[in-house]
Amino acid sequence: MRKKRMQLSTKVFIGFAIGIAAGIFFKEQALIAKPIGDLFLNLIKMIVVPLVAFSIASGISNMGDIQKLKRVGSKTLLFYVVTTLLSGVIGLIVANLLMPGQGFEMNIISTDPVVIKEMASVSETLLSMVPTNPIQALAEGNLMQIIIFSSFFGIGMTILGKQSEPFKKVVDSGTEIMLKVTDIIMGFSPYGVAALIAASVGEYGLEIFGPLAKFILADYVAMICVVLFLYIFLLKFVAKVSLKEFFKHIPAVWAITASTTSSSGSLPVTMKVAEEKFGVTKELAGFSLPLGATINMNGAAVYFAVGTMFVAQIYGIEMTLFQQFMTITMATLIAIGSPGIPGGGIVMMVILLDSIGLPADIIGLIAAIYRIIDMGHTTLNVTGDMVSMLCIARIENLFEDEIEPNQEVKLAKT
């Protein structure tokens with residue numbers, strides 16, 4: 001009798017646990033494993049650009065007609081914006097209740113002033129989203145520009161219909177090839193995850209948790225509240241998905257997001273899980289998830305809200321309800337424009353603090369523990385992508401298996 005092969009998700013979690021143990025035991029010596037983790041990250045980054053370019057164009061062209069594309073696209077954007085805004089609101093509520101900056105001693109850890117960059121105008125931001133040279137956008141890995149170009153490309157193929165069939169086959173084949181390459185790369189994920197976690201734990205240790213414990217706690221409590229009060233509500237009453245099955249399959253994604261801290265970098269895994277475990281159509285997964293990895297930043301919105309209140313409380317600045325409302329609005333806009341890459345939130349926090357007139361010199365302190373909290377931010381971002389995608393799949397009936405309007409979706413058991 002043949003032994004049952006261990007699932008990849010199980011291997012990844014074993015690697016995750018080994019990484020934590022190695023980091024605690026070997027301390028700074030565990031940094032010797034960092035090149036292995038960096039190699040794994042580079043392999044993921046290698047596949048992200050072609051995967052996004054092919055999957056967006058393929059997903060849009062396979063929608064079938066422009067009207068369907070308008071419906072799915074507008075609803076996807078609406079879910080992303082609303083969930084990001086509500087995540088920020090939850091972050092503010094938690095920060096007001098837990099008061100993470102109250103009683104914080106600034107002399108515990110010295111911080112150097114940060115040079116604040118000037119915030120781009122709305123017109124400059126919009127112009128920067130449209131590529132003047134698509135080849136350059138691909139070479140530089142500018143995901144927003146790639147998504148814009150690939151979207152127009154997919155729309156063009158949809159409008160042309162049969163005339164674009166030869167090229168559509170090339171694009172569809174390219175998507176399949178990229179997904180297969182993703183399978184190969186993910187075979188290395190247990191080793192990559194173990195190396196990344198070992199290096200992180202070995203470098204930061206447990207000492208830094210002390211003075212920043214309340215901030216880290218408030219950040220994670222807010223993220224848990226987003227899952228409990230927002231995501232579960234959407235899954236239960238909008239997507240009508242079995243919660244047991246959802247939380248059975250989503251940890252495979254969490255292991256990658258926690259170790260890579262990159263929404264874009266975890267995209268190959270989220271697309272694979274969405275199609276194979278959640279049963280959504282390739283067209284929807286190929287369109288909504290790459291878009292979500294770029295603009296759906298629920299975790300970032302929580303971080304900006306909690307972080308802003310943390311800084312205000314440290315300096316004894318009382319923020320009115322109107323100021324907090326403006327903070328949420330700014331946080332939502334900045335979160336949507338926040339890059340889905342490791343460390344991107346540090347720069348964006350400086351921009352937010354500067355835009356509302358709060359001191360930004362504390363950012364050096366936050367940066368010291370950013371990796372620890374960013375594991376949660378990225379995980380929440382990608383979970384939000386999945387939840388919104390499942391809601392759209394339910395509303396537009398874009399599951400591979402046809403379901404009745406009031407039928408609960410049973411996800412894959414394998």
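Any Cβ shown, glycine's included, is placed from N, Cα and C.
Any TrEMBL annotation is an automated prediction that lacks curation.
According to TrEMBL, the feature transmembrane segment maps to 12-33 (among others).
What TrEMBL records for 39-57 (among others) is transmembrane segment.
According to TrEMBL, the feature transmembrane segment maps to 77-98 (among others). Residues 214, 217-218, 221-222, 225-226, 229-230, 234, 291-292, 295-306, 308-310, 324, 327-328, 331-332, 335-336, 380, 384, 387-388, 391-392 of the same chain lie 6 or more positions beyond the ends of the transmembrane segment (77-98) yet place their CB under 8 Å from a CB of it.
Here the transmembrane segment (143-160) has long-range neighbours at 48-49, 52-54, 56-61, 63-66, 69, 128-131, 134, 137, 167-168, 171, 264, 290-291, 293-295, 340, meaning same-chain residues at least 6 beyond its ends whose C-beta is under 8 angstroms from one of its own. According to TrEMBL, the transmembrane segment annotation covers 143-160 (among others).
As annotated by TrEMBL, transmembrane segment applies to 181-200 (among others).
Taken from TrEMBL, the feature transmembrane segment applies to 220-239 (among others). Sequence-distant contacts of the transmembrane segment (220-239) (same chain, six or more residues past either end, CB-CB distance under 8 Å): 83, 86-87, 90-91, 93-95, 98, 246, 298-299, 302, 305-306, 373, 376-377, 379-380, 383-384, 387-388, 390-391, 393-395, 409.
With a threshold of 8 Å between CB atoms, the same-chain residues lying at least 6 positions outside the transmembrane segment (251-271) that come near it are 8-9, 12-13, 16, 19, 37, 41, 44-45, 47-48, 51-52, 55, 143, 179, 182, 185-186, 189, 192-193, 196-197, 277, 285-286, 289-290, 292-294, 297, 339-343, 371, 374-379, 381-383, 385-386. Sequence annotations record features per position, and here TrEMBL assigns transmembrane segment to 251-271 (among others).
The feature transmembrane segment is assigned by TrEMBL to 291-312 (among others). Proximity of distant same-chain residues to the transmembrane segment (291-312), defined by a Cβ-Cβ separation under 8 Å and at least 6 residues beyond the stretch ends, is recorded for 56, 76-77, 80, 83-85, 87-92, 94-96, 100-101, 143-144, 147, 215, 218-219, 222-223, 226, 263-264, 266-267, 270, 318-319, 324, 327-328, 330-332, 334-338, 340, 345, 348-349, 352-353, 356, 358-359, 362, 366, 373, 376-385, 388-389.
The transmembrane segment feature in TrEMBL is assigned to 324-341 (among others).
The transmembrane segment feature in TrEMBL is assigned to 347-370 (among others).
Counting only same-chain residues 6+ beyond the ends of the transmembrane segment (39-57), those with a CB under 8 A from a CB of the stretch are 138, 141, 143, 146-147, 149-151, 153-154, 157, 171, 174-175, 178-179, 181-182, 185, 188-189, 191-193, 195-196, 260, 262, 264-268, 271, 285-287, 290-291.
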